[in-house]
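Visitor: Sending over a structure as structure tokens; questions will come in a sec.
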Amino acid sequence: MADVKLLGTWPSPFSYRVILALKLKGIDYEYIEQDLSNKSPLLLQSNPVYKKIPVLIHGGNPISESMTILQYIDESWPETHPLLPADPYGRAVARFWIKFAEEKLSSASMIFRTSGEEQGKAVRETVEVMEILEEHAFGSLKEKGFFGGEKVNMVDLAYGVMGRWFDAIEECSGVKVIDPLKFPLFCGWAERFNEAPVIRDNLPGRKELVDFYKRRREMMLAAAAAASN
Amino acid sequence: MEEVKLLGWWMSPFSRRVELALKLKGVGYEYIEQDLANKSQLLLEYNPVHKKVPVLVHNGKTMAESLVILEYIDETWPNNPILPRNPYEKAMARFWAQFIEEKCNGGLWKIMWCKDEEERGRLVEEASHCFRTLEGELKGNKFFGGDEIGMVDIAANFIGYWLGVVQEVSGMELVTRDKFPVLCKWMDEFVEHSVVKETLPPRDKLHAEFEARLGAPSWKY
């Protein structure tokens with residue numbers, strides 16, 4: 001049985017996408033926390049192109065980019081908890097939303113990294129993205145549950161970061177973007193996601209996340225202020 | 001009765017990717033040229049999120065995003081596969097297709113529209129590094145897919161053909177034969193491939209369009 005290693009950093013939501021996928025499938029793995037300020041030879045060797053986490057190493061073969069890792073996991077362990085629909089069209093729709101997440105969720109992280117006008121711009125962009133998601137993506141779920149139907153699938157994992165992580169980012173940035181009145185379908189889904197079997201036992205704690213992002217934001221804003229002096 | 005339609009634009013490398021995949025697999029389809037300056041009701045209805053081409057319609061089911069469509073095509077018509085069957089090799093193909101999209105094409109796009117000389121120089125150097133990395137992936141093979149064209153080659157179509165025209169028009173010397181002999185050899189093989197040839201937009205028309213557009217301040221597909 002080939003061994004599985006995961007190179008990640010706490011509390012990276014990209015790391016967590018992979019952790020949650022491995023847990024859902026019941027796959028044993030060794031987690032190796034990385035120090036990105038002092039990158040390990042293993043990380044540099046396993047992801048020479050981007051030198052980033054997460055990296056999955058399976059039987060010595062490294063795979064990077066979280067959603068590529070998730071598709072690899074699904075194809076390598078197909079017997080338990082499928083992470084994509086079985087039919088090609090369902091998969092095309094799922095991949096469309098995965099790509100949308102990969103391209104559009106970065107504006108959300110900019111809210112946390114910036115202040116003033118720049119932050120305002122990031123907020124506006126994020127609201128636009130949320131409006132599209134609410135209408136076209138979460139709109140198709142209705143009361144159903146998840147993108148995977150009754151069970152979480154990889155589209156849910158792709159967007160799962162927006163639940164607890166975004167909650168923490170909003171709190172430490174002092175900005176409220178996800179208004180439950182404006183985005184009821186998203187909020188309903190996010191609550192279900194946080195409570196889903198396996199997911200609920202493997203998410204980082206809310207307080208730990210808030211504390212972490214608070215410290216990070218202080219450091220980032222201090223660095224930005226120092227740079228502009 | 002299979003019904004396949006493709007909404008595309010003659011100049012778009014993204015819609016040409018889909019045409020190439022359909023032709024490689026011998027899938028018949030109806031092509032519907034779009035006017036992107038004046039988007040049709042059909043396009044807006046079929047791709048409400050992005051309002052872009054390509055859109056593939058198969059038996060009434062619509063899908064968008066060229067790389068997503070390529071995977072659908074490969075799964076639906078498994079003859080002449082464009083993706084490897086082995087999960088690890090498949091993951092590598094997806095990785096490189098994404099790298100081409102974000103780093104190579106993304107880098108080129110920034111350069112094409114950058115008006116500041118110094119910034120452009122910096123962007124060219126950054127992109128050069130990415131193209132060196134990509135060139136390394138050929139590993140002595142004729143194509144990224146090995147002996148035959150695969151999804152990574154299809155994803156690299158802009159580099160394979162459009163880039164040459166852009167460089168001619170703009171005077172940009174990023175991917176030249178002396179700097180990237182291996183990548184340029186791949187470009188030669190790519191455009192000479194019997195099926196690829198059928199899907200390339202006419203060079204003189206492309207040249208004229210780029211000449212007109214690269215002069216203009218802002219233009220998007």
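Quick reminder: no glycine exception, Cβ is built from N, Cα and C everywhere.
So TrEMBL lists these for the protein:
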- B:2-81: domain 'GST N-terminal' (DOMAIN)
- B:86-218: domain 'GST C-terminal' (DOMAIN)
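Are these features on the surface or tucked inside, and what touches them?
Guide: Mean predicted confidence for the domain 'GST C-terminal' (B:86-218): the pLDDT average there is 94.
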Visitor: For a three-state summary based on DSSP, what are the helix, strand and coil counts in the domain 'GST C-terminal' (B:86-218)?
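Guide: Looking at the domain 'GST C-terminal' (B:86-218) with DSSP, the answer is 96 helix, 2 strand, 35 coil.
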Visitor: Taking DSSP states H, G and I as helix and E and B as strand, how many residues of the domain 'GST N-terminal' (B:2-81) are helix, strand and coil?
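Guide: When I sort the residues of the domain 'GST N-terminal' (B:2-81) into the three classes, I find 29 helix, 17 strand, 34 coil.
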